[in-house]
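Per Swiss-Prot, the features are as follows:
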- 48-77: NADP(+) binding site (BINDING)
- Ser185: substrate binding site (BINDING)
- Tyr198: active site, proton acceptor (ACT_SITE)
Amino acid sequence: MGDVLEQFFILTGLLVCLACLAKCVRFSRCVLLNYWKVLPKSFLRSMGQWAVITGAGDGIGKAYSFELAKRGLNVVLISRTLEKLEAIATEIERTTGRSVKIIQADFTKDDIYEHIKEKLAGLEIGILVNNVGMLPNLLPSHFLNAPDEIQSLIHCNITSVVKMTQLILKHMESRQKGLILNISSGIALFPWPLYSMYSASKAFVCAFSKALQEEYKAKEVIIQVLTPYAVSTAMTKYLNTNVITKTADEFVKESLNYVTIGGETCGCLAHEILAGFLSLIPAWAFYSGAFQRLLLTHYVAYLKLNTKVR
């Protein structure tokens, strides 16, 4: 019995060491890619002629649209506000010389995908950025006290990722080439009290993306999920930027350095460090009543001080 226990503890120790080593390797690769930018400039362009970006009217989606156009791709912008799309398209064409198509669609609805499919027909799509999403409550809130937007959130945060991937992945598979970036969130990495619906919806994006990567990596299609923490956008009420909170432009430029790093990344070095720190917090402490009270008092005060929330 003693020998069995000894072998068990040795094996457990080895597994823990391997897990720590894997995290160190991932972190080291992030540092290397961030500071030395070893991704060839032609890599993204080699995926195909067009990039499709959902939620392109603001924030991260808008930043991806500009950055991918700057890197040589034509872009398809999809969002619900036509005026924003037209203004962004004009600016991209003027500053980059790339071709731009716009598709007006409201991702909180589920009857939009035939229209999108028709508009995308015939395009050689090399990159899909599933960015569109909604956060019903920026301020932490108990589930029953949060805005009743459950169906809209499911359509926007979950259905959009599945349906857009279904539309475009089949063509990438046949071409044996493509890149799909699914924008999740750092709070998807473990359940977050007081952000229950948003956290759960983004956890779906993580699980779906990782499973697809395993299914299609032999087809030379890269499917990566990004799990950023704070990015200053309209959805986060333009949270004041700092060493952790990035502008959308900063986040996007850095995240594109990591597209070959693996199936999951936080998208920027600062957020990788934050994720590592949060993973050290014991579950009993994270899910304690004291932590929830901390969110409801100090974190709310921080948000009100550093955003346009009042």
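Yeah, the Cβs are placed from backbone N, Cα and C, and that goes for glycine too.
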Can you name the residues of this chain that are 6 or more positions from Tyr198 (active site, proton acceptor) yet have a C-beta less than 8 Å from its C-beta?
Leu135, Pro136, Asn137, Leu153, Asn157, Ser185, Ile187, Trp192
Can you tell which of Gly48, Gly72 has the least company, meaning the fewest other C-beta atoms within 10 angstroms of its C-beta, among these binding-site residues?
Gly72
When a 10 Å sphere is centred on the Cβ of Val76 (NADP(+) binding site), how many other Cβ atoms does it contain?
24
